[in-house]
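Below: one structure, written as C-alpha cells.
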Amino acid sequence: MGCCQSVESKRDWKPLEERCCTDIPWLIIFSAFCIGMICICGFAIATGAASRLISGYDSYGNTCGQKNTKVEGIELSGRDQTDNKYVFFLDPCNIDIINRKIKSMALCVSKCPDTELKTYYDLKKFALDNGSQLCSYEITPTRYPSHGERFSKCPKLPVPPSKSIPVFHRCVPVDVGCYAEFAQAFVTFVSDNSVIHRVIAGVMASKEIIMGLCLLALVLSLILMVVIRYISLVLVWILTALVVLGSIGGTGVLWWLYVDHRNALNEKTTSVFGKEVAADNVKALLVYAIGATIFTVVLLLLMFFMRKRVALTITLFHVAGKVFIHLPLLALQPFWTFLSLMLFWVYWIAVLLALGTAGNPVKNNSTGLVEYQNKGPLQYMVWYHAVGLIWISEFILAFQQMTIAGAVVTYYFTRNKSQISATPILTSMLRACRYHLGTIAKGSFIITLVKIPRLILTYIHNQLKGKENACARCMLKACVCCLWCLEKCLAYLNQNAYTATAINSTSFCTSARDAFIILVENAVRVAAINTVGDFVLFLGKVLVVACTAFAGVLALNYQREYTVWVLPLLIVCLFAFLVAHCFLSVFEMVVDVLFLCFAVDTKYNDGSPGREYYMDKALMEFVENSKKMGRYKPDEGDGREMKSMVSWKTLYSCVCTLFQSSLKANFQKIKSILATFK
C-alpha cells in the first residue's frame, strides 16, 4: 500500500510534498461493513430468496419452476412445479398500495393466457389444452364451470390476455388499463382517462424531440461550464443592479403609499369605521417603510464594503473555467458518479427484494395462504442493509469530491502546468484509492450519522400526520430542521476537509480542523463566494432550463395535433435542470477547492524569493491590486507556522463538542417522541 506513519503533529501546509495513508482504522471498519453487505446478499441467495424473487412462488409456498418441500400445515405445498415456470394472479389489478403488493391468490402455470377468457368454459378449455390450472390446485379443470368455490378460487372474469415479464416470470396483463385508477390517485387534476391517453400519446409521439432536447440540455451545460468565466462579471453586475434597484424601488413605493394614505386620512373622506382602518393602515405602512429603509441602508452598506470580495468570486470563476480547459475530464465526473450510484442502487434494490422473500413461510389464518415473514435476526439484516444504502451512497459522492479536489489541487500547486500528467483525473482517483479511502469512509459516515435520525423523524412525521398533538408536531419539525442544517454544514466542512487532505495528506480530523481555521480566517470571502457564486450558478441553471424549454416549444409547435404539451415540456425541463445542477455542482466544487488553495497560498506565501505564489495570473493580479489598495497585508515572518492555532483549536473543539451534544439531544428527543406515541 505504500503507507507511512500519520503525521498528526505537523502544522505546515506542504502541498504535494508527502503522501501517507490516512484514517486506516476507518478503512478497516468500512471494509468490514461492506463484507457484511456481501454476506447479506449471500444469505439471500443461499436461503432461496433470490430464486423465489426471480422465479416467483404461489400462495401455497411453492417456488415455480422447481421441486418443492412440504410446508407443515399447508396441504397444497410441496408440489413439483418444474413444468410450471410462470406466476399467474387470479386478480392482478387488486393492488394494495400501502403494503405494495398484489392482494390476490397466485398460482404456478406453464403458460400465461394470451387470449381473453370470458367464461369458466374458456378456463376449462385453456387448462385442458395447455396443462395450466388457472383455478386453485384442488379444483380439477373439468369442475371449473360448476364448482361451488369458483368465484373465490378461480380468476375474476373476464381474464385479460397477459404475457410474462422477462427474467421475473410473472404474468402481467397486456393492457395495463386496470392500473389507471391507481395512477389517477396521484394525478388529482385528471378527471377522465382521455386526458391521460392524450398526454401519453403526446409523449410517445414526441419521444425523439424529448431525447433531442435532453441532449441539447447536456451540451448547453457543458458549454456553460467553459463560458461562465466570461459571463460571470455580467451576471454579477446584473445581480447587483437588481438588488439595488429592487431595494430602493421597494422602499420608495412604501414611502409613497404611506404619504398617499396619510393624505387620504387627513382629508376625512371616509366613515368613522373607515377612519380606524385607514389609521391602522397608515401606521402599518410607516412601520414597513421604516423597516424597508433600514434594510436598504444596511444592504447597500454591506454591498459597498463587500464589493472587493465579489471581485475575488469573479476571478475564481475565471480560473475555474481555465481548470476545465486544462482538465476536460472533470466534466465527466457526474457520469461516472451517476453510473456508480445506479449500479449500486440496482444491486441494493435486488437484495432488498430478495430479503423480502427470505423469511420463513407462515400460514395466514384469515386467508389460509402462505406468506413469508421476516422475524428475528432477519429484521436486523434489513436495517443493516438500509444503513448501507446511505453510507455507501455518501461514500461514492465523497469519492467524487476527493477526486475533484485532488485533480484541482495538483493543477493549482504545480507551477509548470506542462508537467501535469496526461491523465490527472485518473491519477487523482488512483491516489484517493491508495491513500485516502479511510478518510472518505469517515467523512461519509459522519453524514450518515446525521442523515439517519433525520430520515427516521421525517418518516415518523409522515406516518403520524393528523394523529400527533401540536407539541409533538412542533418538536418533530424542529428536530428535522436542526438535523438538516447540521447535515448541510457538515457536508460543506467535509468537502473542504477532503481538499485539505488532498493538499497535506492528513487524516480527516486534522484536515477538517485546518480547513475550518482557514475558512474562519476568511469568513467574509467565504460569505461573498457562497452568496454571489451560488446565485450566479443558479442563474446558469435557469439559463439552461429556459433555453431548453424555448427550443422545446419551437420543436413541439410542429406537432400541433398533440395539444397536450405539459408533460413533454415538464420532462425536458426537469431533465435540463438535473443535468445543469450536476455539472454546475462540479463547477461549484472546483471554485471551493480553488478558494481554499488560494487562501493557503496567500497565508504562507507573499511573492518574495523562496515564497513565490502558486496561483494563476488572474488571481495574482487580484492580489497585486489588493496590495496597491492596502487591503492585503501578508503575515510577518516566514509564514510557515499557524500562529493562531491554539485559539482556533479551542474554537474547533467547541464546535465538535456542540456537534456531539446536538446529536445526543436529538436522540433523546426521538426517544421521548416515540414514548409519547406508545
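Note: Cβ is positioned from N, Cα and C throughout, glycine not excepted.
Here's what TrEMBL has on this protein:
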TRANSMEM  24-46  transmembrane segment
TRANSMEM  209-228  transmembrane segment
TRANSMEM  234-258  transmembrane segment
TRANSMEM  285-305  transmembrane segment
TRANSMEM  311-332  transmembrane segment
TRANSMEM  344-362  transmembrane segment
TRANSMEM  382-413  transmembrane segment
TRANSMEM  535-556  transmembrane segment
TRANSMEM  562-584  transmembrane segment
With Cβ distances under 8 Å as the criterion, find the stretch in 234-258, 344-362, 535-556 that has the most pairs with the transmembrane segment (24-46).
344-362
Considering pairs 6 or more residues apart, do the transmembrane segment (234-258) and the transmembrane segment (209-228) have at least three CB pairs under 8 Å?
no
For the transmembrane segment (382-413) against the transmembrane segment (344-362), do we get 3 or more Cβ-Cβ pairs below 8 Å once near-sequence pairs (under 6 apart) are dropped?
yes
Cβ contacts under 8 Å made by the transmembrane segment (344-362) with residues that lie 6+ beyond its boundaries:
37, 40-41, 43-45, 47-50, 52-53, 57, 61, 71, 74, 77, 370-375, 378, 381-382, 385, 388-389, 392-393, 396
